[in-house]
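Take a look at the structure set out below.
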Amino acid sequence: MNPDLRRERDSASFNPELLTHILDGSPEKTRRRREIENMILNDPDFQHEDLNFLTRSQRYEVAVRKSAIMVKKMREFGIADPDEIMWFKKLHLVNFVEPVGLNYSMFIPTLLNQGTTAQKEKWLLSSKGLQIIGTYAQTEMGHGTHLRGLETTATYDPETQEFILNSPTVTSIKWWPGGLGKTSNHAIVLAQLITKGKGYGLHAFIVPIREIGTHKPLPGITVGDIGPKFGYDEIDNGYLKMDNYRIPRENMLMKYAQVKPDGTYVKPLSNKLTYGTMVFVRSFLVGEAARALSKACTIAIRYSAVRHQSEIKPGEPEPQILDFQTQQYKLFPLLATAYAFQFVGAYMKETYHRINEGIGQGDLSELPELHALTAGLKAFTSWTANTGIEACRMACGGHGYSHCSGLPNIYVNFTPSCTFEGENTVMMLQTARFLMKSYDQVHSGKLVCGMVSYLNDLPSQRIQPQQVAVWPTMVDIHSPESLTEAYKLRAARLVEIAAKNLQKEVIHRKSKEVAWNLTSVDLVRASEAHCHYVVVKLFSEKLLKIQDKAIQAVLRNLCLLYSLYGISQNAGDFLQGSIMTEPQITQVNQRVKELLTLIRSDAVALVDAFDFQDVTLGSVLGRYDGNVYENLFEWAKNSPLNKAEVHESYKHLKSLQSKL
């Protein structure tokens, strides 16, 4: 054990094990997660060479092989609980992604949420065992987030009781679905439904694309891999073109919308019910943002405790770089953010399942806010985590640029989250649409509930500076509850600004669509402020549920740092809204620096509490034992370029040197 890390752990003010239990949900969940992780760590079938040194084709082959082993092992060990499946999957491929991932994250959830009982009986068991390997084919070459613009068609033929699927244009070719290129034999295809000559919008269809047994594409199907990408080397993101391809009527998922044998269309209770899978994935992605940022913080903070550089005072020993205030300022707000997102992710998971149960009972009342909240928080957390991961990499200096740090892999494999399942700016605008509707309700004298209930407090449906002029004396920068109120006022103010600017543009431009576009910057800022408020609120409320005093104290410091750092980075909003005064902003900036000092002694213990196995981090720099330099040298020696003392390419240089 590196002596610096041992000293850091000995000086912690709390027991990291107890905090791990809180993050997992209970001591029993921690015990079971570790039990599952050890199944993999102690199983020789899951050992493999470092994927960093393999070609893309080799990485894909390893990923497919290990995915097949994973399914067999889960069956052998009786792992069926969704959380346990996630733990198992997260460790078996370390920091990399799996070709069959969408089978479990989208194909099966869509079948569960939108399939009839008969459809689930037909396909569910086979998809869980990978006899059917499914993917989710929504995005097309020409359209992604704009779902209504998708061009793939499914035209019903009542004579044969079949749907005829077509990709009528080049831009209608399905493009990007993971596992589509070479792995999957089925796809849930989103297509424009046409029956009796009339279009009814997007619906989901289960489409066989390869013959089971030979794995060859079926007649009418053109399918393949789209080529190398920024990351995701193990995933065969693919394309799918369909030419008059017929599937039975029963292959349309019909839990909500239906097409009768004669072609009669039966509409669902709500069109948004067909977007259930996207809402599920977006809520899941909030937790994934927390996980990715937590891993990056673990690597950067451990390395910063091991790395010694420069001199604070001439002639003195080189300090740990974690002792530099600038390094703390880079990393500790990100650590606070990681914890905030951990708690928000747990909230979103719980909220999704609660509301989804209600939807199953026919209660759609909370669906609009769930859709808006998952869209906004997916964007807010993924943008923040993506920027934060890169900041952690840069905080590790030159070694952070090496794949040995694990940070490049974390970054390139997380960054697609800013685009898939809804491009983030568009997601923020979807949240803004809900905020504008809520504002209009309040303006018309109605009350709103849920996370937007703060809009009910708008005095006479307006926030005016003179009406909140007394507010600055009320803000307590040492109180999470008081800071939550400040964020609430900021959100309300920016929502009102966006709403009033939108109204002005509507009057001036006459067209709501043009007005919306010309107000979109304000609308995105309103959504960001709303999401920021939600995160601060949930973090603050989580503190009240923590019973261990030492853990509550350190989490309170993190909550304060997250809230105050956000104010310092958005000071203009709090000043312009007369929510805080300039002297208070100065106090905020000073308090942020004080909190850096308070958190310093607990930083390593806080990342230890995330409880990532070394193999999960995939990082030489973030090793639990802190033995960085010895292992960095060993890692480099494994480079394929080092297999020969003289590389075969030397012949090109030798010919030049012979002329000297």
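Using the three backbone atoms N, Cα and C, a Cβ is placed for every residue, glycine included.
K89 (N6-succinyllysine) carries a helical DSSP state (H, G or I). Under 8 Å, Cβ to Cβ, and six or more positions away along its own chain, K89 (N6-succinyllysine) finds M70, E98, G101, Y104. According to Swiss-Prot, the feature N6-succinyllysine maps to K89 (among others), an assignment based on similarity to another entry.
Residues or ranges marked as N6-succinyllysine in Swiss-Prot (evidence: similarity to another entry): K90 (among others). The C-beta environment of K90 (N6-succinyllysine), restricted to residues of the same chain at least 6 apart in sequence and closer than 8 Å, consists of T616.
As annotated by Swiss-Prot, FAD binding site applies to T139, G178. If you take the C-beta of G178 (FAD binding site) and look for same-chain residues 6 or more apart in sequence within under 8 angstroms, you find V97, P99, G101, L102, T135, Y232, I235, D236, N237.
Taken residue by residue with DSSP, K216 (N6-acetyllysine) is part of neither helix nor strand, so it is coil. K216 (N6-acetyllysine) counts 10 other C-beta atoms within 10 Å of its own C-beta, drawing on all protein chains shown. Feature annotation from Swiss-Prot assigns N6-acetyllysine to K216 (among others).
What Swiss-Prot lists as N6-succinyllysine is K349 (among others), and the listing cites similarity to another entry. Within 10 Å of the Cβ of K349 (N6-succinyllysine) there are 18 other Cβ atoms, across all protein chains.
Other C-beta atoms found within 10 angstroms of the C-beta of E421 (active site, proton acceptor) number 26, with every protein chain shown included. According to Swiss-Prot, the active site, proton acceptor annotation covers E421.
Less than 8 angstroms from the CB of K437 (N6-acetyllysine) sit P368, each of them six or more residues away in the same chain. Feature annotation from Swiss-Prot assigns N6-acetyllysine to K437 (among others); the stated evidence is similarity to another entry.
According to its DSSP assignment, K446 (N6-succinyllysine) is coil. For K446 (among others), the entry in Swiss-Prot reads N6-succinyllysine.
Feature annotation from Swiss-Prot assigns N6-acetyllysine to K500 (among others). Residues within less than 8 Å, Cβ to Cβ, of K500 (N6-acetyllysine) and separated from it by at least 6 positions along the same chain comprise none.
The number of other Cβ atoms within 10 Å of the Cβ belonging to K512 (N6-acetyllysine), over all protein chains shown, comes to 11. The feature N6-acetyllysine is assigned by Swiss-Prot to K512 (among others).
Long-range C-beta contacts of K637 (N6-acetyllysine), restricted to its own chain and to partners at least six residues apart, with a cutoff below 8 Å, are absent. The N6-acetyllysine annotation in Swiss-Prot covers K637 (among others).
DSSP assigns K637 (N6-acetyllysine) to a helix in the three-state reduction. Taken from Swiss-Prot, the feature N6-succinyllysine covers K637 (among others), and the record attributes it to similarity to another entry.
Secondary structure at K643 (N6-succinyllysine), taken from DSSP and collapsed to helix, strand or coil, is coil. The N6-succinyllysine feature in Swiss-Prot is assigned to K643 (among others).
Annotation note: S649 (phosphoserine) sits in a coil segment as assigned by DSSP. Taken from Swiss-Prot, the feature phosphoserine applies to S649 (among others).
Here the candidates are the recorded positions K216, K349, E421, K512, S649, and by Cα distance the one nearest K643 (N6-succinyllysine) turns out to be S649. Of all the recorded positions listed here (T139, S649), the one with the fewest other CB atoms within 10 A of its own CB is S649. Cα of E421 (active site, proton acceptor) to Cα of T139 (FAD binding site): a distance of 9 Å. Within 10 Å of the C-beta of K643 (N6-succinyllysine) we count 8 further C-beta atoms, all protein chains included.
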